[in-house]
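What Swiss-Prot records for this protein:
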BINDING   T12, T13, S14, T265, G308, Q312, G408  ATP binding site
BINDING   T12, R82, E83, Y134, D243  sn-glycerol 3-phosphate binding site
BINDING   T12, R16, T265, G308, G408, N412  ADP binding site
BINDING   R82, E83, Y134, D243, Q244  glycerol binding site
Amino acid sequence: MSHYLLAIDQGTTSSRAIVFSAQGLPVASCQQEFKQYFPKDGWVEHDGEEIWLTTLQVCRDALARKGLRAADIAAIGITNQRETTLVWDAASGDLIHPAIVWQDRRTADYCAELKAAGHEANVSARTGLLIDPYFSATKLRWILDNVPGARQRAERGELRFGTVDCFLLWRLTGGRSHRTDATNASRTLLFNIHSQDWDEELLALFEIPRSLLPEVLDCAAEFGVSEPSLLGAAIPVLGMAGDQQAALIGQACFQPGMVKSTYGTGCFMIQNTGEQPVTSKNRLLTTVGYRLDGKVSYAVEGSIFVAGAAVQWLRDGIKLIDHAHESEALAIQAGDSNGVYLVPAFTGLGAPYWDPKARGAIFGLTRDTGIKEIVTAGLQSVCYQTRDLLEAMRQDGTPPSALRVDGGMVVNNWMMQFLTDILGVTVERPEVTETTALGVAYMAGLKAGFYRDLDDIASHWHLQRRFAAHMAEERRGELYAGWQNAVRRVRSEA
């Protein structure tokens with residue numbers, strides 16, 4: 001009997017595979033980093049073949065590490081960096097252009113034109129999103145208009161579009177399945193979150209032929225079956241969700257009002273709002289939290305473009321540290337950033353500012369400033385940006401009393417304590433922090449019969465540590481005011 005679930009977690013800087021038991025515990029994993037390419041200012045690309053090859057390799061290696069065969073795996077779940085856009089030949093499966101990553105800002109001018117023409121209100125009403133280079137539609141249009149012959153080939157039905165989940169599914173199934181799920185579709189700027197279908201008016205606005213687009217399924221569904229030659233036997237793909245929605249599921253945030261925040265390359269805070277979509281007055285996004293049996297649970301989301309990427313920049317860009325884990329020890333030594341603020345607007349600012357032309361800066365440098373203070377400011381910048389999102393949720397009338405956290409950065413205890421101090425709310429870290437992969441494993445397991453329902457899944461969530469705020473309210477206000485001043489100074493309209 002097949003006792004395990006294989007979760008593919010394809011991220012912005014690495015591909016991972018984690019094997020989970022039926023109890024939701026990781027039993028084997030493998031991870032491979034791959035390269036990001038920055039061909040021009042504000043452009044971010046991936047080699048789609050590297051995405052596929054690293055994904056396939058980590059799946060094979062994860063099974064090998066536990067001594068498992070494909071027959072031991074009941075189902076595969078796929079979770080992924082969202083919005084990243086790929087286009088490939090329908091016959092050969094060959095990509096026609098590098099993947100354009102969610103961080104890429106090349107379409108900022110086109111987005112500004114659409115806003116100036118008055119399209120944003122209609123687009124937002126249909127999709128829950130804002131017109132921004134972050135989302136897939138303008139990236140896809142750019143590929144069609146800038147790769148020779150691409151638009152003509154698309155109109156002839158010769159090309160396929162997909163976000164990373166869809167592309168991996170196509171490759172895993174040998175080109176037999178061109179499908180995505182409702183969470184990934186909801187991030188394209190082409191999907192109507194009310195009708196739960198591709199929106200013809202939006203396809204016309206962005207000039208996207210419908211033949212490019214995949215079929216949209218629930219998060220727990222029969223997506224396809226893997227090619228036997230890839231992993232040693234055919235395995236059904238039964239779960240799919242974008243990375244942040246997968247983390248919402250993995251954190252068992254199934255009740256309206258529950259909030260999770262994931263700290264990876266970026267930071268993403270999502271709050272479950274239940275069966276009705278809630279429109280934010282503070283430029284948060286309305287999105288699909290998950291869809292099961294055709295029934296949607298909606299969410300509001302705040303997206304921060306640079307979180308862990310700030311630490312990567314400190315390591316790789318200006319080489320202040322050799323390893324990311326050094327940041328915690330340096331912050332403990334420093335105790336405080338001593339008035340230094342790092343605003344990591346390397347590719348603009350996300351929610352609630354949505355300023356693609358903002359650029360990063362460091363403020364408050366003195367003769368006494370050293371590596372410790374700058375690294376500490378980098379960690380604090382992630383917490384301040386989380387406070388920006390929390391304030392937006394509060395102003396929308398949905399203040400969370402606790403925040404469930406996950407992702408690679410949450411092992412940093414110093415940062416978690418500063419986070420709870422600057423937010424003024426309890427921060428809860430679960431036993432299993434790889435909740436993105438866990439969430440999609442849950443979806444695959446739900447379809448495979450491992451779990452009865454969402455209550456059954458929620459019973460597997462366990463708290464590892466709760467962080468409580470100790471900072472005085474006056475000090476919290478002073479620090480956050482300094483951050484707000486720093487952000488004002490990097491805004492494009494400043």
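Backbone N, Cα and C atoms are what each Cβ position is placed from, and that goes for glycine too.
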Notebook entry, point to check: Which one is closest to G308 (ATP binding site) in space, judged by CA to CA distance, out of the binding-site residues R16, Y134, Q244, N412?
Noted result: N412
Item checked: Integer Cα-Cα distance in angstrom, G408 (ATP binding site) to R16 (ADP binding site) -> 13
Next item on the list: Indicate whether T265 (ATP binding site) is helix, strand or coil by DSSP.
Entry: coil
Next item on the list: Provide, as an integer number of angstrom, the distance between the C-alpha atoms of N412 (ADP binding site) and T12 (ATP binding site).
Entry: 20
Note to self: Can you give me the same-chain residues 6 or more apart in sequence from Y134 (sn-glycerol 3-phosphate binding site) with a CB-CB distance under 8 Å?
What the structure shows: E83, W102, Q103, S303, F305, G350
Note to self: Rank the binding-site residues T13, Q244, N412 by how many other Cβ atoms lie within 10 Å of each Cβ and give me the one with the fewest.
What the structure shows: T13
Checklist line | Other residues, Cβ within 8 Å of R82, E83, Y134, D243, Q244 Cβ centroid (glycerol site) | finding: Q81, T84, W102, R187, G242, F268, S303
Checklist line | Site with most surrounding Cβ atoms, counting all protein chains shown within 10 Å, from the binding-site residues T12, S14, T265, Q312 | finding: T265
Item checked: Which listed residue (E83, D243) has most other Cβ within 10 Å, given these are binding-site residues -> D243
Next item on the list: Tell me whether S14 (ATP binding site) sits in a helix, a strand or coil according to DSSP.
Entry: strand
